[in-house]
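This report refers to the structure that appears directly beneath it.
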Amino acid sequence: MASNFLLTSCTTISSSQSKFSQPPSKISVRTKRIDNFKVNCEIKNGNTINDDDNEGKSFPGKLDRRNVLLGLGGLYGASNLIGVSNEPFALGAPVPPPDFSTCSTASLPDGSQVPFNCCPPLPKDLTNIPTYKLPNVSKVKIRPAAHNVTQEYITKYNTAIQKMKSLDKDDPLSFIQQANIHCAYCNSGYKELGFPGVPLQVHFSWLFFPFHRWYLYFFERILGSLIGDDTFALPFWNYDSQVGMQFPSLYNDVNSSLYDPNRNQNHFPPNVIDLGFTTIDLDASDQQKINNNLTMMYRQMLTNAPCPQLFFGNPIRGGDQPIRGMGTIENVPHNSVHRWVGNPNNKFRENMGTFYSAARDPIFYAHHANVDRMWTIWKTLGGKRRDFNDKDWLDSAFLFYDENRTLVKVTVQDCINNEKLGYKYENVPIPWKNYKPVPRKQKVKKNPKKVKPSTEIFPSTLKRTLSFSIKRPNISRTQQEKDIEEELLVFNNMTFDENEYIRFDVFINEDEGVKAKVLDRTEYVGSFANLPHVHAAGNNTGSSRTGTPAVMSLAIGEILEDLGLEDEEEIVVVVVPQFGGKEITIASVEINTLACAN
């Protein structure tokens, strides 16, 4: 007879006049009998389900962890977590919400501990967390472009942030607690509920967009509740348009609650933002920066994001260790804007320059509002650009405090329609939509035979510009084939010190001496950009400076057409490391295809 006991983490909250208390440094663990769910959480070989009816039987694939999810009673309640099904094996493996009771000290990019506690205050009862019910929307509010807001709006926003900052630090609605949400979810403070050895990470995968959408949603509602205005809407930083490519002035008043001294003082207006920023300012004219920015936006929203996996990032399932498969926008401009704002005099360019402290700067929320806006725009661009319909994505869940200080569970599927959440974005020009790069004036086909093939170059540490040839498995593809599959240039198993800033640019059919500061050309394919971060080891024994190997996929079909290289068996690729970035090792580079299923 297999054991019918389930280990659940429990904690005793001491009585206090406060509704909330900080989690204890040690969590007591006891066994709790779960009669309705018979699982053994100590499955060793991955496929054996030990319960009374299936003892010793093997089931393929992910059934073991799905069964584990079914056994998550006690602490949060299984029906709360994933719903109840008469057929357990019909369930997928969505990423479960965090285990609040075991929140631990978060980690810095160098493996040391964050200098403050990121864990949220615990509610009195963790056993019955309600699923959030979207309120009825009588009128959709408009999130304004930061450069277009009125003085009346600035005063209202400043008052709301000031009220939030004035709340007790242990109040889940306080500014510091709201900022710490990002720290706990992004710097290994949380483990997945039911998977105590698995850090919950909301970056580098398809969780990136929905997590941050929910995060801003509740932050916005809390601000509105503090000033008694349920029509209040966050601004977005419109840096993807020329008119918004400077630091928004409403954040620059040193006497305002919107100001943060931990910013790069050299990047205030009239300095034009560099959406590919590493750590060194680009030696280029303002117009060239604007051209580069529009080119990068075109590439990241159109060329390199023709289907869901490329835009959102790679899938991650419940029980999986964190991965590094960023979508296009998370890579650039998201990471680059964080770096550009952060204070270079701080070790990790705090606040905005690193995950654990980023949300302590009010500009964070305007930055991510624009990132969220990209999601809404991307779905209007046609083709196969649509949300995933994968149940594992739709059922993945997070926990947030709402404006009433109630801890609630939310799922991805409830946030994919922003208007059902009660907001949309101000209609402003989108210049990058029509900013398709053009080839160099003297278009010369590079001879692949004059450079080494990729198989002789990689694995390699990128210390200088590399030029290599690479074979295409399929040439002269028909339009039908192109409609079914995207041709990708893939950089595999990239490893680097996650304590450092990394960026490199990729070109096709270019000279080895190409200047990476000029990106507005067809030959430019895309960029890789890292933001200093840490992945805690799954066994909780420490953290890794190299972390999980990263992968980057760039869609090249459109570029090959524009360069007249569709029928070529081999093409020349040039990889240019950016000054200010550190070393990165690339295991291999290949060309393959991806079927754009959602």
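Every residue gets a Cβ built from N, Cα and C, even glycine.
TrEMBL annotations: computationally assigned, not manually curated.
For Cys103-Cys119, Cys118-Cys183, the entry in TrEMBL reads disulfide bond. Residues annotated as Cu cation A binding site in TrEMBL: His182, His203, His212. What TrEMBL lists as domain 'Tyrosinase copper-binding' is 203-220, 361-372. Annotation source TrEMBL lists Cu cation B binding site at His334, His338, His368.
The record gives His334, His338, His368 for Cu cation B. Within 8 Å of the mean position of their Cβ atoms, the other Cβ atoms in that chain belong to Glu330, Pro333, Asn335, Val337, Ala358, Phe364, His367, Val371. Its Cβ taken as reference, His334 (Cu cation B binding site) is surrounded by 24 other Cβ atoms within 10 Å in the chains shown. With DSSP classes pooled into helix, strand and coil, the tally for the domain 'Tyrosinase copper-binding' (361-372) is 10 helix, 0 strand, 2 coil.
Taking the mean position of the Cβ atoms of His182, His203, His212 as the Cu cation A site, the remaining residues of that chain whose Cβ falls within 8 Å of it are Tyr185, Cys186, Val202, Phe208, Phe211, Tyr215, Phe355, Ala358, His368. Every protein chain shown contributes to the tally, and the Cβ of Cys103 (disulfide bond) ends up with 21 other Cβ atoms within 10 Å. The Cβ of His368 (Cu cation B binding site) lies under 8 Å from the Cβ of His212, Tyr215, Leu216, each of which sits 6+ residues away along the same chain.
The average pLDDT computed over the domain 'Tyrosinase copper-binding' (203-220) stands at 98.
For His203 (Cu cation A binding site), the nearest of the recorded positions Cys103, Cys118, Cys119, His334 in terms of C-alpha separation is His334. For His338 (Cu cation B binding site), the number of other Cβ atoms no farther than 10 Å from its own Cβ, over all displayed protein chains, is 25. Within 10 Å (C-alpha to C-alpha) of Cys119 (disulfide bond) lie the following recorded positions from Cys183, His334, His338: Cys183.
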